[in-house]
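Encoded as structure tokens, the structure appears first; notes follow it.
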Amino acid sequence: MTGAGISTESGIPDYRSEGVGLYARTDRRPIQHAEFVRSASARQRYWARNFVGWPQFSSHQPNTAHLVLREWEKLGKLHWLVTQNVDALHTKAGSQRMTELHGCTHRVFCLACGDQILRSELQEHFEALNPTWKAEAFGVAPDGDVFLTDEQVCNFQVPACRKCGGILKPDVTFFGDTVSREKVDFVHQRLAESDSMLVAGSSMQVYSGYRFALAAREKQLPIAVLNIGPTRLDHFASLKLNSRCGELLPLIVDQSTSALNMFPKTQLRKLTMAEARLLISLCTYHFYNKKLSLQANVTSSPTAPDQEQHKAGEGLP
């Protein structure tokens, strides 16, 4: 399961990073589902801001971490990828066995008839309706919004569904909305088929993703967490590493492959001894299916793997 932290290295800000996340930099909050549905002015404000931010937001490209997960899928090491992000970077990276838990901003649908169009197509409609409208953006949010004043958006025209005249909404789960039961059940099924869970770049503060970690714990599956800063799983995760996803994930590869050669060495840094020990243990578990017992805190020394595990881990990067 991936979160906003995996996309920050592609230039997309997140919500909760200490000192730099959206919540730390401003008192602005993402739009609520109920507000979007009931208020025409809220929709006008949302789409005006999204219209300005779309060219930059849609141009972001996958980074090393996205590409690594795609390679794991090709190697048969990743059974299913669930992302909480709406930026389509996993799709751009080529991942196929994937569920976009909260949807994707690159799709738009009608709340009335369900007709779906590409967000890029809607951008053309916006441009046709607002040929002279211009606004200067002040900062970009994790969902592609920019910060505009009410005065800037008051003359912005929003198109309706071309089929039925209904309300157009991005195909994402806004705050205050819920993920469909069908999607939740599908992800639970994929989890039941898996032998472990890796959380990369997420504090797991939102319950829609956190529920799957609780299910993994109930099934007694090992849970590894890779994230900068504390997470909601720290007290029960089998493994916790504080590192950038793009720095650490390329190191976790099968020794029979040359995947490390795919990525520029300048993106990697030297690990601390504690991180290195934990990394070797994680490699050993994921690629040699050995039983693993680790302390959850990266600052503590991990439980030493048995002699057979240590031998299996020899030669790993």
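All positions are counted from 1 along the displayed chain.
Note that Cβ sites are derived from N, Cα and C of the backbone, with glycine treated the same way.
A TrEMBL annotation is a machine prediction, not a hand-curated record.
Some features that TrEMBL has for this protein:
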ACT_SITE  H102  active site, proton acceptor
BINDING   C110, C113, C161, C164  Zn(2+) binding site
DOMAIN    1-271  domain 'Deacetylase sirtuin-type'
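Across the structure, the residue listed as 'active site, proton acceptor' and C113 (Zn(2+) binding site) place their CA atoms 20 angstrom apart. The Zn(2+) site, placed at the center of the C-beta atoms of C110, C113, C161, C164, has further neighbours from the same chain whose C-beta lies within 8 angstroms: L111, A112, G114, D115, A160, R162, K163, G165, G166, L168. Non-local contacts of C113 (Zn(2+) binding site) by the CB criterion (under 8 A, 6+ apart in sequence, same chain) comprise C161, K163, C164, G166. A C-beta separation below 8 Å, combined with a sequence spacing of at least six in one chain, links C110 (Zn(2+) binding site) to Q116, C161, K163, C164, G166, I167, L168, K169. Neighbour density around each Cβ, counted as other Cβ atoms within 10 Å, peaks among the binding-site residues C161, C164 at C161.
Mean model confidence of the domain 'Deacetylase sirtuin-type' (1-271) amounts to 88 (pLDDT, 0 to 100 scale).
Of all Cβ atoms in the shown protein chains, 22 besides its own fall within 10 Å of the Cβ of H102 (active site, proton acceptor).
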